[in-house]
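Report on one structure; see the data block that follows.
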Amino acid sequence: MDPTFPRVVFFSNEFPSDDLKDLFRRLHQQSKDRRFKLLSIFLEESTAILKDEVAKLPRPLKELVPPFDSVLALANVDFRQGPLGAAMESSMLTILELGMFIGHYEAEDAEWDLVPSRTVLAGLSIGILAAAAVALSSSLADVAKNGAEGVRVSFRLGVYVADISTKLESPQPDGTLSSWAHVVTETTQAGVQDELDQFNADTQSPELTKVFVSAADKTSVSVSGPPSRIKAAFQHSPALRYSKSLPLPVYDGLCHASHLYTQNDIDAVINSAESVIQPNRSVRLALLSSQTGKPFAARTARELFLEIGTELLTGTIYLDNVTAGIVEHFQLDSETSGKCQIDSFRTSLVLRGIYSTVEAKFTKEQQQLIRRDLVCWVHKDFGPRRPHSHASSKLAIVGMACRLPGGANDLDLFWKLLEEGRDTHTTVPPDRFDLNTHYDPTGKTENATQTPFGNFIDRPGYFDAGFFNMSPREAEQTDPMQRLALVTAYEAMEMAGVVPGRTPSTHPSRIGTFYGQASDDWRELNASQNISTYAVPGGERAFANGRINYFFKFSGPSFNLDTACSSGLAAVQAACSALWAGEADTVIAGGLNVITDPDNYCGLGNAHFLSKTGQCKVWDKDADGYCRADGIGSVVIKRLEDAEADNDNILAVVLGARTNHSAEAISITHPHAGAQRANYRQVLHQAGVNPVDVSYIELHGTGTQAGDAVESESVSDVFAPVTPRRRPDQRLYLGAVKSNIGHGEAAAGIASLLKALLVYQKNMIPMHIGIKSEINPTIPKDLERRNVGLAMENTPWPRPAGKKRLAVVNSFGAHGGNTTLLLEDAPERVKAQSTEDRITHPVLISAKSKKSLQANMESLLSYLDQHPETSLADLAYTTSSRRMHHSMRFGTAVSCIPALQKALRSQLCNPNFASEMRPIPNEAPSVVLAFTGQGAYYSGMGRELFIEFPYFRAQVQQLDRLAQRLGFPSVVPVIDGSIEDSPASPILTQLSVVILEIALARFWSLLGVSISAVIGHSLGEYAALAVAGVISAADALYLVGRRAQLVEERCTPGSHSMLSVRASEDAIQEMLASEPETAAIAYEVSCCNTYQDTVIGGLKDEINNIRMALEAKSIKCTLLDVPYAFHTAQMDSILDGLEALAMPVPFKAPSIPVLSPLLATAVFDVKSFNANYLRRATRETVDFAAAIEAAQDMGLVDTKTIWVDVGPHPICAGLVRGMIPSASVVSSCRRNEDSIATISKSLVTLHLAGLTPFWAEFFRPRECEYSLLHLPKYRWNETDYWIPYIGTWTLDKAHLKHGTKPTPFSLSMSRPSALRTSLVHQITAETVEATTATLHTISDMQHPDFLEAIHGHTMNKCGVATSSIWSDMAFTVGEYLYRRLVPNVKDVHMNLADVEVLHAQVAGKTKGSVQPLVLQAHLDLSTNSMSLAWFNADGETGECAAESFATATVRFEDPVAWKKEWARLTHLVRGRIEALEQRAAEGKASRLSKPLAYALFKNVVDYADRYRGMDSVVLDELEAMAEVTLVPERHGTWHTPPHWIDSVSHLAGLVMNGSDASNTRDYFFVTPGCDSFRLLNKLEPGVRYRSYVRMFPLPEDPNMHGGDVYILQGEEIVGMVGMIRFRRVPRLLMDRFFSPPTTTSVAGPAPPVAAATAKGHNVIPTTPAVPTPAPAIATSNPIVNSAIAYKTPESTPPLAPSSESSTPKESPIATPPESERADPMDNMVSQCLRLMARETGLEVEALTGDASFVQLGVDSLMSLVLSEKFRAELGVEIKSSLFLECPTIGEMTAWIEEYC
């Protein structure tokens, strides 16, 4: 392009109209080409800057952003409905425009042609930030670098604006997007401004929330403001209401608002200190202001971004000025060229206007306007792609763990072994195999080993199965390599301080596992002796690291590698490659080897790999092969920059890692020096390292003649060449760990790496012990001259000052592979200068069993005794923020190490410690925030939090700035304590309290406290309403401040007073009335805090008289130190003014329930809160006690609920405890106590109660000052799960022949079928004879049509098949078979009779799975009936269950008989319907609207819209009628759509589950079936039906109701459900009955408890009248069974817990707060026994140790009830199957003692 043209580059504030996802995909794809190098750099920088900014977000916002490794990943996520919508949209627009700009130049291979004298940049809104990056650039490379700053500022701007704007108006509770800006066309700015001024004045809108003009041009005006205010303004003004206007897609808040933002806000967004551009960088190109149309005056980058920030936040956009500025530029510079050019990113309405103006101007002057689109290039094909080079970050090893021979079960023991020069080889232990039978040194015995030696780890079978959620059976079948991979992975992560999700690099989706494994001994030998369920997952190699990913919920890559002897180090190299490729951010890698199989010994011996004389003799002249070894090792690796950002301890740095192959070797197993040399050089070149700078090499060193000779040659040639020779001070030391611990095969490389890491840590190279006689003569003779040699004694390896030591680790595979790692020292960490002033620190310890918790506590105590200098701050940081927390917990907040030691000793010395120890509950308790009133005010409240926590400080400052913009004084001096604690004005007092409380609530949210409800006491209710989203924070501040002003103006301070009385309202009245001198005294009840704590108010003298009178009666009274008496007549003078102020304020439905002390209830709706509510709340009584009681009655709170007192001092805490004595209450601040200490104690309490706070956020402000301590590792509760190899069958098989196995059954559902509907999918068998027919069909409940029908009826958030589904299937099959026998029949009328459903069918939640069921039908014309049975089937084998889950009979009948029967009943039914209508009109029966009726249904079942056919209902106890209209859509292929059947019949379910006559709080009602179901004609959509039912108790079963449902069309009965039955079921069993299936096997025999479905409310358990013994089966869900239950093998005895045994299948996971723990003398066993006695009706004395549950009548239903009661009342989470695994009282109590 000719640079002489005058040019404008226009950056829009709108995305191009193209498919945005496609644009970003193309941009991403093009960036991979070497041609677009600068584009690639820009996108990488933008990704990095966004990662950095996201990492700085508060955790609640951070969690909204999925892990991403490119901007493309973010472009595919819809953020619009969340609080990050503006931030993401702004930054992505900036990235897109700058990316297109850079790519355009690279695509054209064009020179930078933006000449400052002839180029002007322009943009609107966010587009100016992209333009700024170009304005600061003098080359395209500069744009790539500077663009990241534009991205940073645009993201920060979006976050900041959204945060401020939510304080002006809360988002809609349902997430609906509302526009903050409307455009009005065909009007003038002055006209619109007049209308807005009038609206703002009339409504007395606060300045902050006024509606204003944000942009204007000659044809349109943009109006901005809070959405509700804009709506009100347009309704208020006829001119606006009838104008042409449209909402703009501005959903995240306000910009261009000079009344809202100040310089502080601009500085907060720009934050020049974090800029990636030098602040004094010069502005190179003119950039036009969108406000003035003139170039910004800024000369430097800092000035430019500040000016832009000012314009974006406070300036009005005037598009006409921008256009004029562009025209002026062209006019000044177009005369010489005759041409001008506008570059843009596609076109837009704004740009077309600019084109039009420019062309109109220049046409007269015969000038040419050139338009250039900078987006077109991205769609071009540039030929074959040439990729960029790979990433080259350094990598950091941050954690390691091992199980190695010689008892080296941890790193300290491993180092001790090396330091002492120990040789660990022994003969093969008997638990592996018997040398007496399997060892033959002559080699004559087939399959016998010729060497008896090896190196073995201790106790390979020991494992903590309960910790890893494995049953004893699964643990036993699982390869010890897999088990120890889990264990060492955990220990390595523990050392590394990895807490999944704590940082971006440790997000579970970004963590991968890579393990090397080269043998399957356990699967092939030990476990194969009795192959069981877990044979495949327990033995196949892929499950070794797959199990790690699954247990820890990592979704990054999972690879198991086999490269023979180098597998372990090759896995590390593959892991490093994944980090360099960006496939993961954290990797866990290692090698695994546990020897058990003599076959491998034999094979290796016969191939001459193994030494017959003992250990590996590395570099010894008598080297004769290697000695086999066990080994398990794991390391944790990250990119160096991530490790540093995460504050990790770095053990060493990986500079390079490579693997190649010895392709030119003389044989596949022979090493090749040339290949080894090539691999070393590749690694050195990768890192840019001089080989002579390497000072230590850990050799592969197997002790074979060929291997040692070749490796010594390759190492000396590369690392110690003859020339250039090493200097004397450049000694190269060599070592080989195999001489100590043998050759671990797949674990050999990881063992070598662990040794090298320890060498770095200890600054010592341990002695080499491989040379037993003399050095191998094949080793090069000139090694010493080359300054190379083995470390024959322990040799210091000091780190030279200012330099880093380099080391190499080798590992070679017998198949020819060579792997090499290059390491260097970790960066020297300069710990930030501590400004630590926290006086109290939380220290936490946890475990998954009592034994482990106690051992962990003992370990820490021992560590502290040995390390008294330990920093408490570091210890708190390590145990809280850098640990995964488990169900058994100990925690305390202490101020010094001795205090911690004392607390630990106190607990450990407590003889009742084990019995008192309780796991946390499976579900975290609910949390209610209680906001205090103004009585707790003092200067410096929250001071330490304000100083210490930037987030809290920012919240306070933002709220304070809003208050100041509203005309109120700053409260910061009150918060930070810079003003004296003296009487302050009501305005300052009340505003500071409300600001503190709102900031505290958000701080608690930052710390991970999820809020279930809020309650506010008096003034605190304003904060509660703001936090619940009812009013905005700005409106809360406005109302509180203006209310305080009204009080000051209209009330006299000191004329009234308030008195707190420790007595009830009635008691006060009675005592005062009993005395003549006090009987007439006037007072009012201001607050009913508890039923024994009342606040009264009135005239000062009269209140004083009351105080003296009550104190004379020994009643405690406290005169409150307040100048005014709120909630009394003194407030009358302000009420009208307050209500008027609140009238314009928008009130929204609360996002969380609000407990209202005024209404004494919990509020969920949008109508309860309004201006009148605030008036009443100021004047009327604060009934705090009644609000809490209502919350209890409604089930919102219970004894386990945690209450957080939010305010300056815990006043509400005492009130809550007064109502709920056992309540756990924590504080936010406390007078005369450091607020960080208060928060620390509260967080510990919450942690122990079952919440897991975001400890990382608590330590985040000072994280760089803390060090991660290397504390003792987790103490496992281990049991030996070893399957010994029995016999000599590995020898015997040499003489046996092998057979074959049959091919497994294959199920196919893809064949054509003569009958196929939405529910009946395929005929599998059909037989038709003269008068009989049989049909078998199969259906998949996961088929979309079937699944959608099921999900139309959900219970407990699970789709449950309604019996209308079985009805349609019965009618479908019935008509099909009947027509097969009677082909010419016109209509088939069917009576579906004797329906009995034994098991509920719950839709599974596993995507891609099948959930088949089989329907078997047999029709007999001689009886005109058809029997039906439904069965579950196995999804893999097709095997049908032995027993059906439902049965029914279809009778083919004459409808004439039905009409006659119903004609006799019609007048009775119509009479009852009319009577119900009359009672409803008289108010004696309830008339329910459609929404209310189905809202009542939601107590048990949630129907989809298509099922909601009832338009209205009249309900009178157990009788009801409904008007019904069926939806027109059939939604599938059916005989009779299930949603139509349900709509006309489920009235019975509503009666049972929604009537006041039913106890729906404790029970729900479900149906096991009905006697008949008939329809005279097919149901029709649009026709109005009526349903009627009257339910009644059945005399034969007190828990059962029955009734007939009549279906009427007009005045005639057209259908009937005869005797539909409903059974009453305890509500606490809801989870048991209605949970998705978890397995895919065929169900075994049904237990005596069953769940069934039918019309109305469709699922029920049925139990025998007499309890029967539970059958000996164990299912994952013994009630709801979708063909999903495993039989317990008869040979497997029930678990018998003991101190020696492992955890049974279900371990409890629960730990309530300390305040709820049982008395030590009243231990858990006695509590459980009492509960069992109560529930079974037995005496406690009958529950003896040898009594069996079968004998006691505890059947499967009772076991379910007991397990739920244990959970609900005792906090113990066990499943009912435990009653089978522990069949006697004695076994059960032993289990409880150990695990509860």
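Placement of Cβ uses the backbone N, Cα and C atoms for every residue, glycine included.
Swiss-Prot annotations:
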{"type": "ACT_SITE", "residues": "CYS565", "note": "active site, for beta-ketoacyl synthase activity"}
{"type": "ACT_SITE", "residues": "HIS700", "note": "active site, for beta-ketoacyl synthase activity"}
{"type": "ACT_SITE", "residues": "HIS743", "note": "active site, for beta-ketoacyl synthase activity"}
{"type": "ACT_SITE", "residues": "ASP1542", "note": "active site, proton donor"}
{"type": "COMPBIAS", "residues": "1697-1708", "note": "compositional bias 'Low complexity'"}
{"type": "DOMAIN", "residues": "1719-1796", "note": "domain 'Carrier'"}
{"type": "MOD_RES", "residues": "SER1756", "note": "O-(pantetheine 4'-phosphoryl)serine"}
{"type": "REGION", "residues": "1321-1457", "note": "region 'N-terminal hotdog fold'"}
{"type": "REGION", "residues": "1485-1631", "note": "region 'C-terminal hotdog fold'"}
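Feature map: Swiss-Prot annotations on the structure.
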residue	record	CB count, 10 Å
CYS565	active site, for beta-ketoacyl synthase activity	30
HIS700	active site, for beta-ketoacyl synthase activity	30
HIS743	active site, for beta-ketoacyl synthase activity	31
ASP1542	active site, proton donor	28
Residues of the domain 'Carrier' (1719-1796) by DSSP state, where helix covers H, G and I: 46 helix, 2 strand, 30 coil
HIS743 (active site, for beta-ketoacyl synthase activity) versus CYS565 (active site, for beta-ketoacyl synthase activity) - Cα distance in angstrom: 8
Local backbone state of ASP1542 (active site, proton donor), from DSSP in three classes: helix
Separation of alpha carbons, HIS743 (active site, for beta-ketoacyl synthase activity) and the residue listed as 'active site, proton donor' (Å): 70
Secondary structure content, the region 'N-terminal hotdog fold' (1321-1457) (per DSSP, counts of residues): 30 helix, 57 strand, 50 coil
Between HIS743 (active site, for beta-ketoacyl synthase activity) and HIS700 (active site, for beta-ketoacyl synthase activity), the C-alpha gap once rounded to whole angstrom: 9
Structural state census, the region 'C-terminal hotdog fold' (1485-1631) (DSSP three-state): 32 helix, 71 strand, 44 coil
